[in-house]
């Protein structure tokens, strides 16, 4: 029997019992939709969570801290005890150069940190100052609300967050309940000083009242302002690392035993870290898919890398489990549909027993009869799968629309997005092309498998017995 004749005959047979065929196809449609939508919801939750992480920081950035920043046993000097088998690298220039040679690394930024007093007129407060190389700093994903980033040749220029100024208060009436936006100041137009004190007393203007203990003031000029939703940087002042080193050098000259822990060198837990030159090293990777590879190489150097990719890996692992569970729930519906296909084909055999006998008498082979029933069951699965895909995309579009309109999509990932995050980027349901194609193939296979035993039963019918039936 020709393939064309086989297909036409199968379609004619399905058309004989339209209602039964429709109900059987409907079962496959429901099963197909169940699987696609269940898995698509899992993809939607994963995607929303990834976007939440991306809004909180860069997914291609790796932060490296000294080993003793992450606990462990300390010696009497406050340094982490090392085992003989431990490989612990220092945060110094040699490490920076080694990091730059790792494949897929686009930039390496070494930072030094220092705490100093900041004065604006009669207000003062304390700020964490971060020193960076302007050229390397510009390679990172720094989002500014206004102004520009640091450039080569800048000295007392800084980039800062507004919260630094919001924490300022009058020394005689210190603020104890957090930053205030009541008196908003634009850092780009505010005259500011960093001050190193020597333990003396000060008037409301921040000037020393003891001539033999003068404070040292460094004028700074803000050229850029971090966005308010940049929680990582909004409480910091970033300046060229050479200018920071100058301030630190002056501070060491002024410091005494009483204030050594406040202004001395590279601080960590109130003590100077003699092993590490830098407080932190940031590494930018060329692509988020390569972050894990780079992170493993950094760990092999004896460093302690941390990145949002750590959370992302956990999310991917848990989301795979979620999708399997959701897909399994949807598969139950398709299993019920498979039973329906088998029942339809068995009933079809009983109704067409005489027809099968006639086909055998006129020369139809056992293979032709089997192919005919398998083709019919495959058409049921294929048609149900196609309709299921179309309806799944329609339902997915509707869910995404409602999710954006009523905020369901953000709730699925627990919220936590930055204030200016565009909610239209969130999707409750995501149906990749491969999922739709896989569902179509799976539905057709379900149809074929469901029709196999009925088709085999049809081939075993005796032609003479079949011809005798009315």
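Glycine too: its Cβ is placed from the backbone N, Cα and C atoms.
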Pick from 379-402, 403-426: which stretch is listed in TrEMBL under transmembrane segment?
379-402
Annotated range (TrEMBL: transmembrane segment) out of 297-323, 324-350:
324-350
Which listed stretch (21-45, 324-350, 431-453) has the most C-beta pairs under 8 A with the transmembrane segment (379-402)?
21-45
Looking only at the domain 'MacB-like periplasmic core' (21-300), what is the model's average confidence as pLDDT?
79
